[in-house]
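Only one structure is covered here, and it is reproduced in the block below.
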Amino acid sequence: MGIRPLYSVIFPVCTEFYLPDFQLALLVQAFFAVLLVLSALISFAGFQYGVIVDQDMLVNVLETDRGEAGSYLTIYSVLWLLGFGLVPALALLFTPIRPEKSALRFLMKKGLSMLVSVVVIGVIAGLYYQNYSSVGRNNSSLKKMIIPTHFLYSSFGLVKQRYFTEPMVYQEIGQDAQQKPSAVRQATQKPTLVFFVLGETARVQNYQYLGYPRDTNAYTAPFQPIFFKDVASCGTATAVSVPCMFSNMNRQNFDRSRADNQDNVLDILQRAGISLLWKENDGGDKNVAKNIPLKELARDNREGICDGDTCYDIAMLENLDQEIATQQGNRMIFMHFIGSHGPTYFKRYPKEMAVYQPDCPRADIENCSVEQIVNTYDNTIRYSDYVMSQLLAKLDSLQDRYNTALIYISDHGESLGENGLFLHGMPYSLAPEYQTRVPLLIWMSSGFSQSKGIDVECLRSNSELPYAHQNLFHSLLGVMDVSTKAYQANLDLFAKCRTSQS
């Protein structure tokens, strides 16, 4: 689906109301003034980036941190807000309200107005029915582009879900979880150490491993990781994909409220006695690390690492040796990268890593060419690859003390101007594969693969098969040798390549 919402309609309701209560009239006037401002914001996202604001996108917006929100603040967006939102809203607020003296006269005027509108619509529909009917049938997404009706509908749905739905009882999953005896023995001799890297906004189409002509994976290539080429995300926004991928749900039955009120795979791993740590560099764990140790990276100004607002992902290596040492037994460290988060792609890598030029060193990417945007985005992919290579080098150096592995997967992809779409967050049914296909990369030391009984070449061969975020829950339980009734071997991507079950 590539229809850019040129058909977006700011749908201001400029209707006179028969309101004997003057204060109520002012309240309604204020409501529509606010609605004009919100509609201007939504129309900007629609016209400039092709974003449709549905319930999932609203959740994503509400969970956006200050730094991310600030990246969308540009001169162009401010001018748009002023011209299409604040100025019309002020004009509406200063429009004097003249209450009708007669209710009958009011009803007659409005009735006649509505009758004329219905007749005009009927005539147009009758003359061009074939044209309009085919457009409606072939472009069901158009109704989601009407502003503010779809936005209001989504808002009411979200409010109802969050505040007018009976609270769920928290459900524990995998209460029987425990590490297999061989894994417990191994922990006392040579523990397992896994780095799990959660990428941000990385799309598989720009990976050298998939055949992309640029060397975006030049840094990790010497380590010969296993690259999975066909992996579907659970959503097109972080607020959906992250809770979903760590839950036992799939894309079709995922429910955020349910995910927030039950155990996820991290909880089960910890219950089984595996030492966990979550390191956050993307503004929030989306409630998945609520029960495990969590460390938010400090954003204070540090030359070459943080600018006081955001940090490069290389900051993940700070204090890493100490963090590994303080854990006990078999251990995992989860790292949430800021990765390729837009629209300020240029802030995700230092200047010396700006290999592809010309790039787009500004937040208002609508004022850059598609070539510049792609160059900037590719620089972020290449820089993430560099950071991962540093993590791989660290794991490689620790092979004498630990059985080491790294797993990398992105939360969702990104549109870079294809069919007029930018960024991400499209409803899944309408989203292009650029937003729904993500990279999955796995590296294992020889000690790790041997201790787990994993046939590396078998896994490399199976990397051509289709997978999805839903495989993650069971794959982590399987590869960490956790025994529980919650585990399903048919969804474990490692299972078919285990030469021996520990």
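Each Cβ is built from the backbone N, Cα and C atoms, and glycine gets one as well.
In TrEMBL, annotation is done automatically, which means it is predicted and not curated.
Taken straight from TrEMBL:
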- 23-163: domain 'Phosphoethanolamine transferase N-terminal' (DOMAIN)
- 26-52: transmembrane segment (TRANSMEM)
- 72-94: transmembrane segment (TRANSMEM)
- 106-129: transmembrane segment (TRANSMEM)
- 194-482: domain 'Sulfatase N-terminal' (DOMAIN)
Considering pairs 6 or more residues apart, do the transmembrane segment (72-94) and the transmembrane segment (106-129) have at least three CB pairs under 8 Å?
no
For the domain 'Phosphoethanolamine transferase N-terminal' (23-163), mean pLDDT (0 to 100):
78
With DSSP helix as H/G/I and strand as E/B, how many residues of the domain 'Phosphoethanolamine transferase N-terminal' (23-163) fall in helix, strand and coil?
115 helix, 2 strand, 24 coil
